[in-house]
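One structure is given here, and the rest of the page talks about it.
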Amino acid sequence: MSLRSNKLLVAAVIFTVVTFGLLLTSSIFNNKTTTSLTYGGILPKFGQRIIEKKSNEEYIIEKIEHTQKDGEDVRSTRYLTHHSYLLRNLAKMEVKHHGKDFSINDICYKPHNAIFETTFAPENIDKLPNYLQRLILEAQRLSPCLIVTPLNCYHDSYRIHSEMSKWNTSNVTNFLNRKLRNSYIDAIGESEERPYIKSTYGPDLIKEWAHLMFKLPSKQTSSFSKKDLSSKIELWLSSIESKTNLTELGRPSEVDNYFDICTSMQQVHDFDERKRKFGLYDDDDEFLIGLDCVENKTKFIEWIQERELRGVSKPFNPNQQCDGIFKNSEGLEFFYGTRSFGNNTAPFDKMKTEIGLMTPEQILTTMLHSDFVNGFESIWTIERAQELLDDFRLAIRQEVKRFNENRSSLKIGIDTRVVQREESNETELEISSNLDSVVYFILFIRCVLLIFFAFFAWSVNPLRSAVMFLVRDALTSLLFSILCKSDGQIELNSELLGYIILLTIVNTYLTTRVSWYKDRNETCIQRAKDFPSRSNFSLLFSIDSLRENCDSRQLQYALAKLSKYLTALDTYSTETFMQLPNYWPFISILFVPITGCYWYFVDINLPKISVVLLPSFIVATIEQRQVEKSLLKERKAKKEFQKVQKKKMEKFLSDGAVDRLLSGNSESVEDKKLYKSKDCVIHKESAGRLYELSRSSYDVSKIMAYPNQRVRDFRFDALGCYFWLMKLKSAGILLYGSAVLFVLLSVAVMLIPIQRTSLQKDMNNEVYFGFSINNMSSDWANINKNLHAFNSEIDSIQSLQTISNWKKGFDRFEGRFYKNSSRISDANDYVEWMNQEPINWSVMAPLTRISPKFGIPSPFKFRFRYQIEVNNNESEVIDTVQRIDTLLTKYKGTLSSPIVDGVLYEYYHGNAAVWNSFVFNELLASGILSAFFALIVVIFSITPSISSVLIFSFFVIGSRLEIAAVISLFSLDNQQLYTDSAVLVGFLVAWAPFYELSLFRRRLLYKLKTRCTPELSSGKRIRPPFTKAVDTAQVFAIVLAASLIIAVVAGVVPEFQKFFWPTVILIVVQLVAFGNSIAVLVATNQMFEREVRNFLDNEFELGNGTTAGQVCHMAQKLIPPKYDIPIPMNDFHIRPTNMSKFYAPPPAKKRAKQTNNETDPEKKEDEPGTSNANNVSQEEAAHRLAILPWHFVLGGIPVDLTTRSDQIINGPFIGISSDAMRTHEINSELEDQDDYSSESSVEDVESDPAPEEEIKYHEENMLHMIEKVQKDAAEKEAKEKVHQVESAQRRAPNFDDPNVAGPSHRYQRNEERISTDIVPADPPREIPANPVPPPTHVLVQRAPRPHEMPPVIDRTIPRDPRTEPPNLQECIQQNDDPSLPPHPRRHQYPDHYGRAMISYCEDVYWTYNDGRLPPNVAMPPRPFDWHYRRVAPPEDFNYVPPPGQPSIPIPAEAMALREERARAHREQEQRDNSQSPSPSPEPGL
């Protein structure tokens, strides 16, 4: 098969090229900002990246908040002590990384290290002597971490820093002492003086060993002096000393602080508020009434000491400094005490703490320096540093989680949490802390889908389909891991969850599609023939044998065969119009710029989406290609086998084997082998030397092997609705016109201004102003002036509070050291400030390190840190964000475009920016995708028209626009995920039915090599194919049912409740996509009809006859009456001009007993002329009339003599119409078989008709009887009718029961029947004076039988191939093999039926009950087998009962009667044998 014919393979090639092109382009753009490339292995590591690394970051802040659930004031000893327990737990926490234990002291940010950084450049530290490097390294390790906590106002913070930096830990300090002593001994060499310092306090060891080391002689360098280093050590030691004005948390405060507490208490007049704020008791109100803080000072101090101060809060002044061991930080806003408290439900019910951590770059620098000093070969990389940082951040969260579960936390009602730095982590379904629930939910979704599709879609081979589903998942995971990792890692976030959802949708759809494709091709009914049949009549002739009133089982059989045939026709067809256009390679080049535009302007993650979908698509292509190749190979082998069998048969007929067989001689071994080798005829030999037919290709048990009746019923209902939609005219225009209106309305909704934001209290409210200024040194004065003006305007915003601003700290430094206000500042003053106050400089550290030698670098990068005060006033926050935006615009030129980031700011600013541009982005994306889908239609939908391209593209894009409108209306997050899912689902739902319609349209319009069908004239209607539409409806129903269950579970299970609304949105996506797909089908079908009518009117003059009208009758078989959706035949444009021909096997003809009025049996009935026509009419009348005894009718339901008077025959016969028969349900026994037993009370339906004179006589007599009984019958009409209907329904046979004879089907059979229900006898009537003899028989009239119907097309006239379709019999007879012997059952069929036609009628489906049928569905019998099922089997007189007593006692009289019958039977056999002639001795006769 050429590449042009395999459209799926072409699509896979294009998809692969586009995907790898996008990956290459994105990698090129990403590498422009990459400085170095390192090899990190093929497979990535999956982890939870807590934050995305922000470039230009001085240090990382981890925020921890304590919230009192009852709204109590947390500024008390009780809650502060509880907070100290958490910090101590964090200080003791260790993380194992690459086989080594690390503590938080190893990765925390330490401002005191700036004391040494301002003295030595990194390249100069390595030039120091080894003992001095060791001294600096150990001093840096003992430096306290940057922790902003209310405990810094108390001496308790030193205890926490001591535990964190291990100042007093004996084993650590002993090891520190040995390391310093060893480095000192190495420096002095072979000397007898080996000092030893006895101390267990780390700073004292640094002080003593530094005093000894500075006495050692060393080479003088120009970069440093021992005096400078000694001063730095002294500065470091003084910076970590305890402040003198700090008190212990559990001790009474100083006397001055008591006065402040008393004053604060008196300012609160409400005792309840005072009690809540200061933690007082009920009996304290009496003491505080009339208290004077000045006169009663001593009394108040004694009272508060008695209260032990633990239950009384210590108020924090607004500017109180909680700097702890950070000296020389006066006026530094970073350590303001009010920053440590906040409010959630009540004032001061929240306590805040900040812990500074090093960035990965700083960790890498520290670890490399440590390994260098220790003499180790360092293996640290930036990736390992990032891993260590992430491990610690996760460990902090785990520790906080355990701390919340402590008994003390539960007792005092404290809830502790770690504040996320990024907004994305708040909206990522909290993956970092709830990874287990996300994983479980994903597994739950996939398990539910697998179960549903295994039971309701993959019924033929669910194990194979499930395995291929998992194989696609595995290949996708592998390819995604290799191509889409970032820094050797794949982050588990909402973006990855979206990829999994898209993969699940596509993988499920493709698995189902390939499963059905494989099963239908394997059971194709036309596998042995050469495909394709070049006439579009092949779409219709396989259901020409359907009757209008056939049961649903026959309909299902025909539809299954048609579905298989259509699949095979699309698979193996080599017609030119089904191939891709010659210019498809040039058109496919347009995919590259289209996808590139979408990637660049709309979604930068398009390469990852393509990688997720590519493996499933390629595997599906490979599977389908393998199915095609295997079946083509099988067809080729079967043809070769048929040729060999034909030669064998010719040899078999010519070598005398048939003569030997017919002569009665036993078969030879070679003959038996020959019989068994003919697999197409003989399957296996039974015990009685009878041979069973093998399963032919007509067996539809596999294609119909749905798991239960409900699936089959759903497909029938879907097909009926499909036909109902396709026949709409004006209503169809209204339907897809409404869909167009909804799409346009969605665009209008997105333009409506909506208040989209709501105040987010839990968001990180910090704002960072980032600057990058060139030539800072040369333009210092002007830039400082602009910075001063910028700070003034920032300070004017009341809701912004300063946290760190190096410009303010530098101005304070200049004010203290340079009293002259007129002095002009320069860049050297900044370097001086850095040397004088290194800790303050480090806390407010710029992003770029200052070198004393080279001065301020260019560009000079720094950040200002502020905080937005959130006071439950959203309008104030929005106003602050707007003023910040205005300020940035104002200083865009003078300060080199400062950049602002922050969670709360970005939330409000981003919402405004995103929603303002949301409409533009969606319209741009819709325009690009419409071009993409139009290109798909142009290449793959077989020469489409412009209208079809616009229809398909518009409605598929409409799904995205409608979901975008919902997102805009409700301000939903994860917009890209929902819109991508909408456009993908919309394409999958609409493409397959649309493609099938396009293919059918192209077959009809193929002018040169395809004949035109007369049923498609301008006044008639196209019957579109339905297989893909029903398949799509089934897949959609399964996915929707599974989604509803998932939504219910997500709403009930607490761990999954966060996924409830996303699941609901995905359900809405499915409904919207399905609605638009219906609009696509209706609009496309009506467009195709107009196009085909115009073409046919212009090209041909069409005739009238047709056999395709029966296609229209399928609709009325598919919708049950309870739905009340009438689809009458008259509503369809295609109408049959004559009755269709039914090719079911006719019953064997048996001569009835001749009467005196019967014609001579030797008279030729085939003689043409009037007499022959009369014979035919009489024969048809005999088939449609049956004579029943009158007592049979009286035993059932009486004839309605009031409403059916025109159909009643006078005299002893009564005629019953087919409508009445349909109500009474007994006609199944009249139509089943013509050969009835002589003992039956019903005469043979093939008996001769009654003479016309006799019928006329009875009609006249019957009129008199009608006049007498009509009055009485009218009075009881209503009551009897109700009783008749109820009785018929109550006693109707259950054909779904396999023990009841008759076909199993869903709906009431549309056949004429008479009920045998017994009803109460009528009350006695008055006997008339001249009574009319009662009727003795009933004349029943029924519909003609299939073999009684006249031919649809008169074949006495040569067929016009342009206007007349081929006959089914002609299609089958042309494949008849004349070399084969006659069929064994030829006596049951007309004489003109060949072997092929009889084989077609002798379908294994009707013959053997060995097909795979669903439960509770009985195999219907062959039409000819009704006779054998109705009569009792012959009695076996040679039967020997088994030993033992029977379970049911048999009377002796019954056994005697049986013996008498057996004796009579044996005597009769002896008489028959004695009278039979002797066999002829001649062989072969």
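Glycine is treated like the rest: Cβ placed from N, Cα and C.
Residues or ranges marked as compositional bias 'Basic and acidic residues' by Swiss-Prot: 1275-1284 (among others).
Under the heading compositional bias 'Basic and acidic residues', Swiss-Prot lists 1456-1472 (among others). With DSSP states grouped into helix (H, G, I), strand (E, B) and coil, the compositional bias 'Basic and acidic residues' (1456-1472) comes out at 17 helix, 0 strand, 0 coil.
Positions annotated as region 'Interaction with fem-3' by Swiss-Prot, on the basis of similarity to another entry: 1131-1271.
The region 'Disordered' annotation in Swiss-Prot covers 1143-1175 (among others).
Residues annotated as region 'Disordered' in Swiss-Prot: 1228-1252 (among others).
For 1275-1306 (among others), the entry in Swiss-Prot reads region 'Disordered'.
Taken from Swiss-Prot, the feature region 'Disordered' applies to 1348-1384 (among others).
If you look up Swiss-Prot, you'll see 1401-1422 marked as region 'MX regulatory domain', on the strength of similarity to another entry.
Taken from Swiss-Prot, the feature region 'Disordered' covers 1442-1485 (among others).
Among the features that Swiss-Prot reports, signal peptide is placed at 1-28, with the record citing sequence analysis. Tertiary neighbourhood of the signal peptide (1-28): same-chain residues 483, 574, 578-580, 582, 584, 588, 591-592, 595-596, 599, 604, 606-607, 610-611, 613-614, 617-618, 620-621, 624-625, 628, 939-940, selected by CB-CB distance under 8 Å and a gap of 6+ residues from either end.
Sequence-distant neighbours of the transmembrane segment (438-458) (same chain, 6+ residues past either end, Cβ-Cβ under 8 Å): 429, 431, 464-466, 469, 492, 497, 500, 504, 508, 511-512, 515-516, 706-707, 711, 1034-1035, 1038-1039, 1041-1042, 1045-1046, 1049-1050, 1055-1056, 1059. Summarising the annotation, Swiss-Prot assigns transmembrane segment to 438-458 (among others).
If you look up Swiss-Prot, you'll see 490-510 (among others) marked as transmembrane segment, on the strength of sequence analysis.
For the transmembrane segment (584-604), same-chain residues at least 6 beyond its ends with a Cβ under 8 Å from one of its own Cβ atoms are 4, 10, 14, 17-18, 21-22, 25-26, 921, 924-925, 928-929, 931-932, 935, 938-939, 976, 980. Taken from Swiss-Prot, the feature transmembrane segment covers 584-604 (among others).
Feature annotation from Swiss-Prot assigns transmembrane segment to 732-752 (among others); the stated evidence is sequence analysis. Counting only same-chain residues 6+ beyond the ends of the transmembrane segment (732-752), those with a CB under 8 A from a CB of the stretch are 725, 918-919, 922-923, 954-955, 957-958, 961-962, 964-965, 968-969, 1075-1076, 1078-1080, 1082-1083, 1085-1086.
Per Swiss-Prot, transmembrane segment is recorded for 923-943 (among others), and the stated evidence type is sequence analysis.
According to Swiss-Prot, the transmembrane segment annotation covers 950-970 (among others), on the basis of sequence analysis.
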- Task: Could you name the stretch, out of 490-510, 923-943, 950-970, 980-1000, with the greatest number of CB pairs under 8 A to the transmembrane segment (1063-1083)?
- Result: 980-1000
